[in-house]
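To start, the structure under review is shown below, and the notes come after it.
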Amino acid sequence: MFYTENYDVIVIGGGHAGTEAALATARMKLKTLLLTHNIDTLGQMSCNPAIGGIGKGHLVKEIDAMGGLMATAADKAGIQFRTLNSSKGPAVRATRAQADRVLYRQVVRIALENQPNLDIFQQEVTDIILEKDSIAGVETKMGLKFRAKSVVLTAGTFLAGKIHIGLENYAGGRAGDPASVNLAKKLRDLNLRVNRLKTGTPPRIDARTINFDILAKQYGDEKLPVFSFMGSVEQHPEQIPCYITHTNDQTHDVIRKNLDRSPMYTGVIEGIGPRYCPSIEDKVIRFSDRNSHQIYLEPEGLTSNEVYPNGISTSLPFDVQMKIVNSMKGLEKARIVKPGYAIEYDYFDPRDLKPTLETKAISGLFFAGQINGTTGYEEAAAQGLLAGINAGLFVQEKESWFPRRDQAYIGVLVDDLCTVGTKEPYRVFTSRAEYRLLLREDNADIRLTSIARELGLIDDIRWARFNQKMENIELERQRLRSIWLHPRSEYLNEANEILKSPLVREVNGEDLLRRPEINYQILTALTPFKPAMEDKEAVEQVEIAIKYQGYIEHQQEEIERQKRHENTAIPANFDYKNISGLSNEVCAKLEQYRPISIGQASRISGITPAAISILLVNLKKQGMLKRGE
């Protein structure tokens, strides 16, 4: 039965990827339908109640710079904010927020329900409708069929999801939600490579049964950060502390004695888990020399008694989970309200995707989130945004867009996935980016907001504020460059009091700011450089741009060298087998990965610089050497 209404874009799934995808296409003024199995779980934080962190915070800022929701939701739901690596350079500083699950979900739902051009419908999707090799719509469990020109699939851990607690297991998408079994079967019939991954979550503990008095407190920063470039500290709810406990020899003994009841160590679970978020079983076995692991007790909200013990993700049986919890300081009498579990689920090899996140096999079908082999809310949201943008551009028959590696962490993420693929849950780190100094949290808007405006993602209010900031940066730099101090200046003594070495030549404000002992606040306290600018975001950009100018210019020169052939396109039907000089191994890899550009080909493991040179020569010979923009 076809539903009478047709859509431009249909988004399947209401998690972090799905919500960003749906909001993006709706902001592009396209008629969008978001299908979810449960409207009440839109924006659900299924695992840890936190947003951001190293690399992840950078993604959140980039999503916000392009008009996405995640940063605003975190600002309005964050109950503890911290700036990680605050003593280090600006490239690796990262914002993290402990979030109230209920508040976060409320912010997401309000945004979705008030977004023009967006309809929400509660129904499980059981099939996709194809016409030849193109998407045409979807079918739901009750037989409703919705037509659309493009579809974004963001099924999370629901595709053939299987939950494990001890040696018992059952079908489920997450605790309390059914798995998407029929859709998983249908998708396995497509020309896409499918495999299994695993993730896990710890038991939740009743706060009323924890002895907080004997535990160390961890407070957020006194100077509270914000995620959104449009956000303010006033948006934050009440701030509360987390607490710290530790595993001990007793904890580890309990785990070792019960490994024969672990689905991971008895071969029941075959999917590979996240390397950077291992289960407590894994930590005890892999780091056998350690007799203790730090565990953070994170409140799940201002109105909830549930506490998330970050660091003891487990799939051991419930009775063992109780012993693990009760073995730790402050938790001797603690009660579990939700057991921990592991979940196995289907994911698709992301090498079968274009960098736009459109599947190579089916025109108009886009994948985003954990089904592409990633882990984390932020990685999912970033993919959802990108998939939504490109689904919208596809419908409008416009040229697709995706960021370069030197342009955004979103670009690093999709390039890693689509070029190299992954066999374990992938997460973003700053160490994955070659040009970290250019991809800072603080300049995400400078990198991406103009592009987002062209794509139709940015409203007039945000655009005006962004332009005002850019103008403030330029005016302040001009002002500092125009003010000079010389050895005969009447302000010389005032300046020399704060300088490590006295002035012996004429300098301007930018020259002074480059000195390590001078920051913007100190500089603008000097009489000739008063008054300081009030726009704190612009001040930060001025100071970083001046202090790191040499390093930034060096990275930009390196990027220009790399870009010479980065975007040189390789035709989709290019015949590698007829190129003399390429080894069989190189040919096989190029045939398997089907890179869309020379840059992407160069990042495939085993593809040598010599092979790239041969490719370029042959592209030129065949008249195909067209450099992308």
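Placement of Cβ uses the backbone N, Cα and C atoms for every residue, glycine included.
The annotation FAD binding site is assigned in Swiss-Prot to Gly13, Gly14, Gly15, His16, Ala17, Gly18, Val125, Ser180, Gln370 on the grounds of sequence analysis. The NAD(+) binding site feature in Swiss-Prot is assigned to 273-287; the stated evidence is sequence analysis.
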- Note on the structure: Gln370 (FAD binding site) and Gly273 (NAD(+) binding site), compared by Cα position, are separated in whole Å by 12
- Task: Tell me, if you would, which residue among Arg275, Lys283 (binding-site residues) has the fewest other CB atoms within 10 Å in the structure shown?
- Result: Arg275
- Task: Please tell me which one of the binding-site residues listed here (Arg275, Cys277, Ser279, Lys283, Ile285) sits closest to Gly15 (FAD binding site), measuring Cα to Cα?
- Result: Cys277
- Task: Determine the most Cβ-crowded residue among the binding-site residues Ser279, Gln370, using a 10 Å radius around each Cβ and all protein chains in the structure.
- Result: Gln370
- Task: Compare the Cα of Ser279 (NAD(+) binding site) against each of the binding-site residues Gly13, Ala17, Val125 and report the nearest.
- Result: Ala17
- Candidates Gly13, Ala17, Val125 (binding-site residues) - the one closest to Cys277 (NAD(+) binding site) by CA: Ala17
- From the binding-site residues Gly13, Ala17, Val125, pick the residue whose C-alpha lies nearest to the C-alpha of Gly273 (NAD(+) binding site). Ala17
- Query: Can you name the binding-site residues among Gly13, Ala17, Val125 whose CA is within 10 A of the CA of Lys283 (NAD(+) binding site)?
  - Reply: none
- Item | Where the record names Gly13, Gly14, Gly15, His16, Ala17, Gly18, Val125, Ser180, Gln370 as binding FAD, the maximum Cα to Cα distance in Å | 18
- Whole-Å Cα distance, Ile285 (NAD(+) binding site) to Ala17 (FAD binding site), is 34
- Task: State the Cα to Cα distance, in Å, between Glu281 (NAD(+) binding site) and Ala17 (FAD binding site), rounded to an integer.
- Result: 30
- Task: Name, in the order they occur in the sequence, the residues of the same chain whose CB lies under 8 A from the CB of Ala17 (FAD binding site) and which sit 6 or more residues away.
- Result: Thr154, Gly156, Ala368, Gly369, Gln370, Ala380, Ala381, Gln383, Gly384, Ala387
- Message: Please list, in sequence order, the residues in the chain of Gly13 (FAD binding site) that are at least six apart in sequence and whose C-beta is under 8 Å away from its C-beta.
- Response: Leu35, Thr36, Leu153, Thr154, Ala155, Gly156, Phe158, Gly369
